[in-house]
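Student: Structure incoming, see below.
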Amino acid sequence: MHKRFPISVLGFVLIPLVSGRIDNSSWPTSGMSHYEISSLASSPSINKCPPCFNCLLPAFTCGQFGHCDEYDGQCKCPPGWGGIDCLLPQCGSLADGVERPLRENDPCQCKDGWGGINCNVCKTNDACVGFPLAGGIHTDMVDENVANMTCYTGGETVFSNHQMCDITNRKILDMLPDRPPQVTFSCDNSTATCGFQFWTAQEESFYCALDTCSSEAQPGYDTNTTIYACEHIRCKCIPDKFLCGEDGSVDISDFLTEEIRGPATFSCKTSTGCRFEEPAMNNLINDIFGDAYITLQCASGECLHYSQVPGFHPIPKPDNTKWIALSSAGAGLIVVLTVAILWYVGRSRNGGDFGKIRLPENEASKLMTDHVPASLHFSNISYFLGNRIILDKISGAVKPGQVMAIMGASGAGKSTFLDILARKRKMGQVSGTTLVNGREVADAEFKKVVGFVDQEDTLMSTLTVYETVLYSALLRLPREMSLEAKKYRTLETMNELGILGIKDSRIGDSGRRSISGGEKRRVSIACELVTSPSILFLDEPTSGLDSYNAFNVVESLVTLARDYNRTVIFTIHQPRSNIVALFDHLVLLAHGKMVYSGEFAKCQEYFASIDQPCPPGFNIADYLIDLTVHAGLEPRSPDSPSNDAVSSTSGDNLLDEERAVGASSVRSQGRSSTAVEEETELRTRGVSFTSSIKRKTSQLLEAVRSSPSGNSTIAPKLAQLVEAYSTSEVAQSIKAEAEEVATAQRGADASHADGELRDVVVENSLLRGRKRASWGTQFTILSGRAFKNLYRDPALLAAHYLSSVVLALICGLFIHNVSNDIAGFQNRLGLFFFTLSLFGFSCLSSLGLFANERVLFMRERANGYYSTFTYFSSKVLFDILPLRLVPPIVFGGIVYGLVGLVPTVPAFWKFILTLVLFNLTTASVILLLSIAFASTSVASLVGTLIMLFNLLFTGLLINRDTVTPALQWLHTVSFFHAAFEALAVNELRYLQLKEIKYGVELDVPAATILSIFGLRAQSFWWPNISLLGIFFVVFTTASFLMLHFFVKERR
């Protein structure tokens, strides 16, 4: 039965329609298509109904080339599109199906885990949970279907793949700075079709449909390629959109419709991005923008069950034969070039027959014109070490052109006194006044114009005699002097000291002796004598020399003083009479007390005046030493044996060298008490052996009881000698001269104190220290010396290079062509661990590089050869280049190809960079230890412990993730860990491991196992490589600061 409507209701509906008074604006348009709205705008306003959308009619089409339903004339839109004409993007997520909302005016807000303009691209696995399965995959448990969904981002289409792309053509981006161009691309595997849409500012401009499509995945060793090739393509513009009729924009509607036909390809590489190509489109892009095709950067996503993800097909590793050959040849070439450079730099450049050596006249004057003669006055010089008085109120004076000798028996304090005069750093407390040209001079200014020759020789064993002296001349002579003049001066000095004949002989050491001890002594003197300093200090310059050479040395010193107006002060022990005759001034010490200080010519007269005359024909030097020795052996208390008894046995208390002095003295006849004592000794030699033993035992006990401690009093006879001198006219004249110099200086007239001296105040400099070699010159000279030292002692260099080559070949033999499975993973980690251990412990060889030169450095720097920075920089540079840079390059060049690590150039150089930085960092740590510890044994032990500590936290022995968070910083500060993780990440980050166990094939990304080991796959550059660089800088800086502030000569 039909239901009837009331007439009144029907009339109410029909009246407006018949009257024709309907306004177009009164119709709702929000849900209408573009065509419907256009039809409303163009239709007559009277007597016509608005058109209904029907895609079967020619006036209406489906956007995105959607399917038109032949039954109802409605569009069936592709996923992600809605509206009656399929031109409105949908939001939400692809998993929402038909319930997806249409986009309003603002961009879509996609659900978590989804992206893209129309939210079609999955980003996370969680986004696919609950996504409907495709391809007929079913399991018994529904929960498993839901829980095992994954977002596949490989780019290859399994069922229906969606991609969101950013256009990267530079010109297109420049033309659209505020409207970023984008592309959406999707493919359906079942229909072999793809869709392409072009957007600007998330507004669609045109769309294309591609059919008869095929896809191909090309997996590579380090990159994958996906290619979509479609035979046909058709495109269509959206009216009034960008490039399609928008105001101010070109209209390519006809071009898209008529020219774009295909074929078209869409290809992507994991490393370089994607590109879209079609012949007509390529021509348009080329003509307008200058590019060959559209370039894109895409992100793809497709929700799949884990069993539907495309499997990994193992790619055979490329043939490494050429790589192995090239790497081995490169390593060999590096070794050959290094050896050639070392040979060229370190080869000896010996001259021919130099003949009679003399400085050129125009250069010889430089030593005089830039020289200020220096007088030295010292008053009441005392030295205290704890409670002990080592030196007690020593005074004296010496002027330019004069030679002062400091004499005394062993232990008298000669070397200590010389150190104090030379301003050497002392451990005790020094008091007294030292005046140079009547002024107190700062240590830094004083050291510029003095030279000091130590009692012990510290020379570089690998250098020749000529090179050793020449380096001193190059570093310390005025920079204004020419190189030729410095060489002449070097040879002239060697000629004066009689060592010119051995100029090409190496210094040698205890194991490889080249020159004698006496010749070494003269080389040490030549190193100071070559600079012709204003004041020259020498500690025992004749020690170890025969009488002839001893006289030549002292004579050359006297010639230097008198001919060049220099001041020479030296200690000497037991000089011959012809040497003694050359002295101008004498300071005689005994047990730190001053027995005599004054002109040597007045010495005999003075001692005769105090009833201690030197016997006729007796060497005055031997006599004075003998006198002070016997005076110091007098009894120190009334309970001691009588003076006669002590005198009769004094010769037995002397050291061997001093006993020889007494034996020679007793042969002389005279009235001195010393001679009488020696005669008494001769008369007592006939006593029995038993009496002799008793006497010596008594003397030993007396010596132990009377041994000085603290401020003990001196022997009475020695006290008499000291007192006699202090009240003598000689002492008073010395004191008066010092006071006159000080008074004259206070009156700003120093020239009265030493009339022959120039007025140094007027010349604006107290002592004009000559400008020595600049920093660059010092660095060049020290670098050449370091290179020669390394080249001429090649054992260490050869050991490093040979071990690198041999161990690289051994590693290549045992781990040749490593496989991509779990065993290969283990082999790689083992190789990296062994490599780091090799170079880490090899760096312990750096301990000896500085330890062998510690004393040499301290003395050369104290004598003003160079600054700390120039020495340190040259030492570090020429330890780095041959020993720390070349071995890892050689090792890496050989082992990389043999083992079959990732065969790409970037990965290879990352491997080499890591090894080099690690080697430099470890060497800087060992250098710091060698500087901080004077004992090589202690430094070696500490260095070994540091290496073992770092090995423990490498990352292979202790998993980082299992360490409590409070202690994980131990991995961070381990330079072994930084290098190990960098090597592992560089090699294994993109590696896929395949393992077959019990018939089951397992494909596991190596990055997954790295994470299980606690290694971070994204940590190559930061923090690992960056930390290695920071560690190297920090430890190197700390080494320099330690060397500059703490390694100093203390006496």
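Placed from the backbone N, Cα and C atoms, the Cβ positions cover glycine too.
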Student: From the ranges 100-127, 660-687, 688-715, pick the one that TrEMBL records as region 'Disordered'.
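Tutor: From TrEMBL, the annotated region 'Disordered' range turns out to be 660-687.
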Student: With Cβ distances under 8 Å as the criterion, find the stretch in 795-817, 885-905, 911-934, 941-960 that has the most pairs with the transmembrane segment (1021-1047).
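Tutor: When the Cβ pairs under 8 Å are tallied, 911-934 comes out ahead.
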Student: Taking the transmembrane segment (911-934) as the first stretch and the transmembrane segment (795-817) as the second, find out whether 3 or more Cβ pairs fall under 8 Å, excluding pairs closer than 6 in sequence.
Tutor: no
Student: Other than its close neighbours in sequence, what residues sit by the transmembrane segment (829-851), given a CB gap under 8 Å and a spacing of at least six beyond its ends?
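Tutor: Beyond its ends, the transmembrane segment (829-851) has Cβ neighbours at 796, 799-800, 803, 807, 811, 815, 818, 857, 875, 879, 883-884, 887-888, 891, 895, 899, 915, 918-919, 922-923, 925-927, 929-931, 934, 936, 939-940, 943-944, 947, 950-951, 954, 956, 976, 979-980, 983-984, 987, 1013.
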Student: Under 8 Å between C-beta atoms and at least six residues away from its ends: which parts of the chain pack against the transmembrane segment (941-960)?
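Tutor: The answer is 829, 833, 836-837, 840-841, 844, 847, 922, 925-926, 929, 933, 968, 970-971, 974-977, 980-981, 984, 1013-1015.
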